[in-house]
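Trainee: Provided herewith is a single structure, encoded as structure tokens, for subsequent inquiry.
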Amino acid sequence: MSWGIELWDQFDNLEKHTQWGIDILEKYIKFVKERTEIELSYAKQLRNLAKKYQPKKNSKEEEEYRYTACKAFLSTLNEMNDYAGQHEVISENMTSHITVELARYVQELKQERKSYFHDGRKAQQHIEICWKQLESSKRRFERDCKEADRAQQYFEKMDADINVTKADVEKARQQAQVRHQMAEDSRADYSSILQKFNHEQHEYYHTHIPNIFQKIQEMEERRILRIGESMKTYAEVDRQVIPIIGKCLDEIVKAAESIDQKNDSQLVIEAYKSGFEPPGDIEFEDYTQPMKRTVSDNSLSNSRGEGKPELKFGGKSKGKLWPFIKKNKLMSLLTSPHQPPPPPPASALPTAVPNGPQSPKQQKEPLSHRFNEFMTSKPKIHCFRSLKRGGAAPEDFSNLPPEQRRKKLQQKVDELNKEIQKEMDQRDAITKMKDVYLKNPQMGDPASLDHKLTEVSQNIDKLRLEAQKFEAWLAEVEGRLPARSDQARRQSGMYEAQNPTTVNNCAQDRESPDGSYTEEQSQESEVKVLATDFDDEFDDEEPLPAIGTCKALYTFEGQNEGTISVVEGETLYVIEEDKGDGWTRIRRNEEEGYVPTSYVEVYLDKNAKGAKTYI
């Protein structure tokens with residue numbers, strides 16, 4: 001099978017076919033190039049994805065990665081980086097082993113093809129020239145023969161004519177001989193050119209063209225073989241990274257299997273354990289005796305004389321509740337209605353307007369809003385003075401629960417010990433350098449290191465004092481040193497609350513629990529006045545004592561903040577009389593709030609603390 005034999009007359013078609021082969025090769029190069037671009041784009045997107053979900057340094061999110069599930073996710077992100085790297089390897093190998101190599105080969109192939117077809121066209125031109133020479137000699141031979149034949153006929157005609165002179169006849173004979181000689185010369189030339197043409201034609205069709213076409217065939221076969229090898233390389237480049245990609249996937253599976261739910265649960269305990277004891281049992285508070293005396297005797301003397309001990313709640317013996325269970329008490333202190341109470345209904349019948357015109361919607365005071373957030377978001381803070389401007393926590397972390405405080409103190413002690421060790425290593429290095437300078441003065445002046453050595457020693461002393469301070473606080477938390485009692489803490493808070501200078505400074509540095517600064521001086525003064533009460537409220541949660549009883553004359557629906565709903569005829573305890581604003585503070589079991597004074601009939605105990613009038 002040879003193109004030179006089988007396709008001897010298909011020069012133009014072979015030229016088109018070989019050009020098509022080169023176009024196919026260039027199309028494959030373009031395909032591989034686009035594949036490399038896709039691999040690079042995919043790798044870039046994978047890296048950006050992994051980077052997007054990486055924890056930010058020095059952030060709360062970074063602390064969350066101590067959990068095994070988060071560590072596994074972090075390992076997955078790292079493996080995705082390696083996974084992306086393998087796609088970059090695919091792109092690089094395809095570019096170097098296929099795209100670049102094939103592009104160079106295509107250029108060589110084009111030059112080789114151009115050379116072969118140039119030789120073929122040259123052979124065609126040569127054979128065409130030989131053919132033209134043959135045709136020219138043939139036509140010349142044919143023309144000379146015709147001219148000789150006409151000259152012969154003219155001579156014969158002149159020789160037969162008796163009227164023609166002998167000279168004319170001789171001239172015609174000579175002309176005929178010349179034409180015959182020219183015809184013979186043309187014949188010899190034609191024969192020579194014909195032999196030469198036949199030889200050239202034989203060489204062209206049996207030697208030159210077969211050789212050229214055979215080289216073109218070999219060139220085309222090499223192109224086909226090369227594109228096949230490139231396709232194998234294309235597959236091998238992918239196959240080479242499959243084991244590494246498999247390792248990446250295996251590491252992801254390994255990371256997933258390393259997740260330890262029990263360990264994560266323990267970390268949650270360590271992160272959020274407060275160290276407080278659960279609240280104790282609540283003592284039973286008997287309210288039946290005062291009510292029985294009030295209803296049966298209808299005498300205030302009995303209720304005043306006998307009910308007084310019963311109206312005292314729990315007192316100091318009451319078990320402390322933690323976290324805060326009752327918030328109405330503090331909120332009622334801070335959010336008592338300051339708007340005028342609604343007038344009593346025109347009729348005492350239940351069908352009358354039950355609540356009259358409701359009290360205006362009370363705007364929530366900024367201070368009460370801050371105390372409300374304080375009680376719902378903070379654990380237990382003994383005094384508002386522990387809040388600092390700018391949200392900075394106390395140096396001894398006293399604003400944290402015991403367990404969290406212990407962890408923070410331990411962490412601080414470890415950090416200080418590391419810094420001390422670092423400074424000591426630096427001191428040792430300076431000391432050694434000073435010894436070297438003493439032994440070899442040409443290397444440096446030993447006195448130049450004294451200042452640095454003194455500075456490092458001072459830093460070590462400061463760090464040691466700081467570490468001792470935190471170790472003392474840590475020992476206090478861990479029980480190695482006696483902690484301040486609640487009573488001493490309360491007394492300290494009361495002293496500071498009664499000291500105008502101290503409280504004023506505290507108020508200026510105070511920050512609201514949500515991290516915003518207090519801006520109104522009136523709010524700061526309220527905190528200053530109520531600081532002692534709040535200390536005791538937070539420590540003991542002792543309810544206010546009842547100073548009498550009351551009977552609801554009308555039904556009142558307490559829809560506003562600080563108010564309480566009552567039903568007509570209901571008997572309740574009075575814990576704070578009307579201060580002149582038209583509101584009376586009452587209690588029903590554990591619930592406290594304000595009702596309009598005109599809606600109830602109040603029976604105050606004259607002997608009770610804070611009672612002024614008797615109705």
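Just so it is clear, glycine is given a Cβ too, placed from its N, Cα and C backbone atoms.
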Trainee: Do you know which of 398-429, 494-525 TrEMBL annotates as region 'Disordered'?
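Mentor: TrEMBL lists region 'Disordered' for residues 494-525.
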Trainee: Which residues of the chain, 6 or more past the ends of the coiled coil (406-433), have a CB below 8 A from one of its CBs?
Mentor: 270, 275, 396-397, 400, 444, 449, 452-453, 456-457, 459-460, 463-464, 466-467, 470-471, 473-474, 477-478
Trainee: Take every residue in the domain 'SH3' (545-605), average their pLDDT values, and give the whole-number result.
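Mentor: Mean model confidence (pLDDT) across the domain 'SH3' (545-605) is 87.
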